[in-house]
Structures are given as structure tokens and as C-alpha cells.
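A quick write-up on the structure given underneath.
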Amino acid sequence: MHFRCTDIFLYSSPSAIRAKNHNNKGNIWSQEPYTVSKDSQLEGFCMDLLSEVSKKLGFKYQVQLVKDGSYGRQDESGKWNGMIGEVMRGEADLAIAPLTLTASRERVVAMTTPFMQTGISILLRRDISEETGFFDFLSPFTAQTWVGILAAYLGTAACIFVVTRLSPCEWSQPQTEQNTFSFLHSLWYTAGALTLQGAGPHPKALSGRVICCTWWFFSIVLLACYFSNLRSSKTSESTQLKVKGFDDLANQNVIEYGCLAGSSTLAFFKNSNDPLYRRIYEHMERTKSFVSSMDEGVRRAKEGNYAFIGESVSLDLAVARHCELVRAHEVIGMRGYSIATAIDSPLIKSLNIAILQLNEAGELSYLRSKWWASSCLVEGAQSSAAQPHSLKGMFLVLSIGLGLGAAVAVLELLSKSRRSAAEHKKPCCTVLSEELSRRLKPNTANTHNDNENEKA
């Protein structure tokens, strides 16, 4: 469907669009990410939405920011300001912005089907919003790091077990002596070193000592990293209040909270009959904890000890831009953002159909993900957990130590085999094979002692 209008006014977050002629007019509001100025051009969610709607309806438009920078409120005399006022007075044909659909606005202008759903939620700094879990003591390291530590522990215990059996300096007479380093004792010895407790007896051979010294060094560095990360993640935790929703917020007096002055959010709490929401409104009114702009609310939340109450869509944007912030999961007072036009405008039916078509085609979801993309890393700013790559040097040193210890044990066994082969005039390989067979055969000493007892 095509319209004869050549230009149109729109609102896109308080900005206005003024027409070159007065056949059609519109207004827009400048607010990230709805409408932002870049290289003397306007762009943003509302500009993209306007472009898609204009393609479907076949009109041209010209954008201008709204004069007073206001969405639209009714004063005591009954007059409306901002975008709503300009649409009512015919100064703009359309208003495109995060304009909340309310009963009072619907009485004086025509508002379309919502193009975005929102509600009221709470914006806080992360360290005052998160609940303490039962397994928070594991938070200094990631799951991959814990798996790596477990593998290193088992690998070191296995190396100690094998090396103490191979080394003739540790176990000189496999036929008659009992090896003190069983696999269970190797696990116990390694765990004792990891907790800095120690568990004897200690290896006597150079090969075993190389492995043990490397594991001790690994344990010291690992524990230092663990306690450092644990302390940084738990700093001041005892003085922090955990806020998960409006009930928690109302039932405490440590964190100050407020919302945007004159906003629909404030009107929701003011007009609510819910005792909880009335308490929140009375507290804000008593303490005068309102903010004059969204930016001020975000700034105070970042500073800490302040919870900013606002529309969830706007709070999600703040979380995407400021990694130290988080939005509470609870959302109340669901409402929608709509395009406003004159109450007798012939555009309203076509605008409703265009918005529904864009929603069904997934265009609105695409625009939301495009303009609300997070600038934070995957784990967010809070994550202080040590990643595997940050500890790779420790694992590398341990691997080198284990390899070096195993190599020394093999050299010790080779040296003894060569000497024994020379004494008994046997091939070195034969003697080495016999040594390996005796040392790796389980319970060699016990079997030998049992045989002697039977003979006796």
C-alpha cells in the first residue's frame, strides 16, 4: 500500500522528524541504541524499524529530534509535552521511540501493536546481586582447570609408583624386599604434598626425588593461585547484600534504590495497590532517590550501593555495555513499546499490519540482537576464575619433571643391568628383561618369602 506523502516526521527516542512539507510529519528521540548520530547521520533500532516499515507502506520520511527531548507527559493543566504533544498538535505524523503503551497515552493518540515487550526490573552491580552457592569454593578455577588438576594428581601418583619400582636405588632387591610405594601409598603421598601436610616415607632415589620436588613446586604455585583468586572473588562478601528481586529490595535498608523521575516506571509504583510496590514507591518518595536520566541511574549503579529500577529492555542494554552490572531476573509490570500517531490517522491500521509482519518474519528479533549485542567477554567481567591457559606454565613444568624423573629411573635401571650383565657374563638385554619382569610383577617379595617358608 502506498501513500502520497513525500516526507514524514518520526520519534525514535526523544528526537523528532520534521517534514519538508506538512502533508505528513514525524518525530524521533536520540537515545542509544534506538537513535544515535554517527557522521551526521542517524542510525539505531528505531531508524532500522522506520526503514523497514516505510518499505512495506511505501512512504518517504524526514527525521528530526523532538524539541524538548521528552517522551510525553501530561502537566497539571492537562497539556501534553514531548513526542505525544507534537503528534497531538499535528507537528509530527508519527512518533517512533521506546514509547510505552499506556492508557493515558492511548486516550489522546493512536498507538500501534507493540514492536517490543518490556517490563520493570532492577539494575545492580554484580557483587551485590549474586547469591552465594554451596560450591563457591570451586569458583577460583574453571571446570577445565579442576579436571587438569585431577589428571595431574593421578598422573604424578602413577609416576611415583612406577619410578619407585623401576629404580634400583629405591628398590634394590625385588626378590626379598617389600616395595614401600604401593599405588595407594603413592596416591596418599601425592595428596599429602598437595595439602602441604607431607606423608612419609620419602623416596630415596634421585628419580623419585626429582618427581616429588616438581610436584611440591606445582602444589605451592597452585595453592597460591587458588587462595589469591578465592580472596579476590570473596572480597567484602560478608558486607554485601544479595538482592534477587523487589521483595529483597524492599526488605532491606542498606542499598538505596530509585527510578527515573516522571517516568512510567514511577507511575506504576505510585498507582499500584500491591503493598510491596507501594512500600517501594513511598521509600523512593521519602528519600528522593530519583535520577534525572538513564545515564545517571547506570552511573550510580556502577558506583555501588544503589539499585536502579527501570524498564528491562533499557537495563539489558546497560548490562551489555557495562560488564560489572547485572539485571535481576524478576520482571514485573509487562508492557510494550509502540509507535504513536494521531488518533484519527489513516496510517494506524497499516502500521499495525507492518509491525505484525516484521515480527512474524523475525525481523524485530534480528534488530534486537543487532543493537543489543554485548561488548562483554563470554564469562563477563566478574569471572576471576583461572583459565587453563593461564596455568599452562605450571602444567608444563610438572610434565617436564615427571618425564625427567622417569628418564632418570630408566637410566638407573640400565646402569645396574649393565653392571650385572658384566658380572654374570650375560647379554645386557636379557638382564634388563629379567629386572623388568621382577620389578613389575606384583607382590614379588611376598611370593618369594612364602616359598622360603614352605621350604622351611
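Glycine is treated like the rest: Cβ placed from N, Cα and C.
Positions annotated as domain 'Ionotropic glutamate receptor C-terminal' by TrEMBL: 22-374. A mean pLDDT of 85 is what the model gives for the domain 'Ionotropic glutamate receptor C-terminal' (22-374).
Taken from TrEMBL, the feature domain 'Ionotropic glutamate receptor L-glutamate and glycine-binding' applies to 33-89.
What TrEMBL records for P98, T100, R105, S264, T265, E311 is L-glutamate binding site. In the shown protein chains, 20 other C-beta atoms lie within 10 A of the C-beta of S264 (L-glutamate binding site).
The disulfide bond annotation in TrEMBL covers C323-C376. Around the Cβ of C376 (disulfide bond), the number of neighbouring Cβ atoms within 10 Å comes to 16.
The annotation transmembrane segment is assigned in TrEMBL to 393-414.
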Item to check | Span of P98, T100, R105, S264, T265, E311 around L-glutamate - largest C-alpha separation, Å | outcome: 18
Item to check | Folded-back contacts onto the transmembrane segment (393-414), same chain, C-beta under 8 angstroms, at least six residues removed | outcome: 148, 152, 155-156, 159, 162-163, 166-169, 205-208, 210-211, 213-215, 217-218, 221-222, 432, 435-436, 439
Item to check | Distance from P98 (L-glutamate binding site) back to C323 (disulfide bond), taken between C-alpha atoms, in Å | outcome: 23
Checklist entry - What's the CA-CA gap between T265 (L-glutamate binding site) and C376 (disulfide bond) in angstrom, rounded? => result 27
Checklist outcome for this item: Residues in the domain 'Ionotropic glutamate receptor L-glutamate and glycine-binding' (33-89) per DSSP class, helix first, strand next, coil last, are 20 helix, 10 strand, 27 coil
Checklist entry - Apart from P98, T100, R105, S264, T265, E311, which residues in this chain have a Cβ no more than 8 Å from the mean position of the Cβ atoms of those residues at the L-glutamate site? => result Y71, L99, T102, T118, S263, R335, Y337
